Structures are given as C-alpha cells and as structure tokens.
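Annotated features, as they stand in TrEMBL:
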COILED    94-172  coiled coil
COMPBIAS  231-256  compositional bias 'Basic and acidic residues'
REGION    231-374  region 'Disordered'
COMPBIAS  257-316  compositional bias 'Basic residues'
COMPBIAS  331-374  compositional bias 'Basic and acidic residues'
Amino acid sequence: MSAQAQMRALLDQLMGTARDGDETRQRVKFTDDRVCKSHLLDCCPHDILAGTRMDLGDCSKIHDLALRADYEIASKDRDLFFELDAVDHLESFIADCDRRTELAKKRLAETQEEISAEVAAKAEKVHELNEEIGKLLAKAEQLGAEGNVDEAQKVLQEVERVRSRKREAEEEYRNSMPASSFQQQKLRVCEVCSAYLGLHDNDRRLADHFGGKLHLGFIQIREKLEQLKKTVSEKQEKRNQERLKRREDREREERMKRRTRSRSKERKRSRSRERRRHRSRSSSREKRRSRSRSRDRERKRRHRSRSRSKGRRRSPRDRSRDRSSKHKSSRDRSSRDRSRDRSRKEKSSSERRQESMNGKSESRRSEEREAGEI
C-alpha cells in the first residue's frame, strides 16, 4: 500500500465517509445489511488472519474503515446492538475451527502408534512444558520489542527454569519408551489454532508458533468473542431491566387510571344516588301537593254539593253550624237595631234643643221689635 493510500485510510478511519463530501461513499450506510458488522467491531476473522497459513481471503460483505468510524461516532449516542451479529459470526467461525481440531486429533490417533496411558501422560507433560516455553519466549520477544528489557530478562529466567523441568520430563519419557519408538515424532494438535506441534520441537519453533500471527489471531478472536458475549449479556440485562421498569411504570399508570376511573365512577354513582334521592323527594312533594290539591278540590266539590242541596237532610254538625250562624246573625241584627234607636234618640234630643234655642231667640227678637215701635 502506498503512502497516499495509507493516509487516505487513516483519514477515513478518523473522520468517516463524510470527510471530503464524496456522495458515492455516503450511499452505503454502516447500518446496511451488506456491511460486515464484525469489521465495524474490529473482530472479523478475514482481517485478523490475513497473511497467515489460514488466510480466509476477502470477506463477502463490505469492509470500509470510514464506515467503522461512522459506527463509532453513532454508537456514542445510542446502542445499535451490532454485537449480536458479530457474536453469531465469530461463534460459527470458532465452531468450524474446533471441528477441524477434533478431526486432526482423530487423524493423529489413527496414524500414530498406540501407547500406554502412563507413557501418554508423560508425553502430555512434555507437550505442556513445550507450550509454556513457547508462550514465555513469545512474551519475552514482545517485551523486548516494547523496550521493557528488565521484564524480558525476568521472563527469560523463567524460561530457563521451565527448560530444566522439560529436560527432566523428556528423560522420564525416554526411559519409558524403547529407542526405536522414541525417535518417532509424536505430534499434538494445538487447542487454539488447530496447528500440529511436535514433541521434539526446539524452542525456536515453539516461540515462532506461540508468538506467530496465526496463534495470536485465534487468541484475539476467542478473547473478542468472550468479550462480546459479556457485553451482549450486560446489554440484554440492562434492556430487560429497562423493559421491566417500563412495564412497572405502565402497570402503575394503569393502576392510577383504574383508581381514577373507579373514583369517577363512585362520584357518578353518588351523584346519581343524590339525583334519585332528589327526584324521589320532589316526586313525594309533588304527590303530597297533588293529594292536597285533590283534597281541596274534594272539599270545594263537597261545599258546592252542600250549597246546592240545602233542602236536603243535613247532618247534626251542619245543623249546629247553621243554628250558630243564624243566632249570630240575629244578634248582629238586634245590635244594629239598638244602635239605630240610640242614634235616632240622640238626633231627636239635639233637634229639640235646637228648636228651643231657636224659639228663645225669636221671642227676644219680637220683644225688641215691640220696644222699638213704642
């Protein structure tokens, strides 16, 4: 890759698809199904194992560093749950690798000579010590490349101790096997990358294997798978808690609504009861009023019937009432006659006095006239 292509890829990785306004690149979004979700999460086996003995070639989906940058920017605001797709992809790949490992083990069991359980255990111990030496040498090389010389020296000292243990284990294994069988190469399948390891491999070969890109790539894929599973479980737990919280909130709201509805229904019932009571009271009042009106009408009708049937037979109560009314009217007439007689007497006495006074005045006048004539 030229320097210009490397700079372009670096800018894409940092700024995304919209760094130079190229609309053709913006047509494919990172949410498209054609985009590799494992590539967006930087765990696609096609990228990790590129250039190794198990190079898988180009991925069938789109790989673009700019789309990865877009995904990283968008994932800061919301969860997109692309980890589910990546977990499915990596699980299928690791399952294929484990199947190849089992097939290689079966093939070795068919081709190599049968040995006793004790000898097999000793050979297994030698293989384990070889793996430990290879891992320590790979770690020491990595520390030396990083500039941490003191730690690298400590790791090399640990390698020497493991080598001494390996020599002892090889001596035990040699003593338990005949010379012809001991010279035969005993192979073992690596549980990580399904590669073949020899019992008599030297330290350089073991360091190259355990520090190689293939073995480290498989370790990276397996660690990334475990990390993604943990992330998915945490997000699912969080989503379940949020869902449970929303459900509780909905149930609380429903309870509140039911309470408000029950209260409103109770109010309506109380109001309807009050209305019924009011209506019953008003109807009872109307009934009483209608009864009183009917009674009044009946009394008036009876009174009219009594007035019409005066000549008919009356009850003792009516007769007593008539007598009392007649007696009262006669008393009233007698009192009126007496008052009339008094007024007449008074008037006649006043007229007499007036006449007497008039007579006296006339006699005086006549006497005065006679005296004047004389």
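Just so it is clear, glycine is given a Cβ too, placed from its N, Cα and C backbone atoms.
Small disclaimer: the values here were computed from a predicted structure and weren't measured.
A Cβ distance under 8 Å defines the sequence-distant neighbours of the compositional bias 'Basic and acidic residues' (231-256), meaning residues of its chain 6+ beyond its ends; these are 79, 81, 83-84, 87. Applying DSSP to the compositional bias 'Basic residues' (257-316) sorts its residues as follows: 53 helix, 0 strand, 7 coil.
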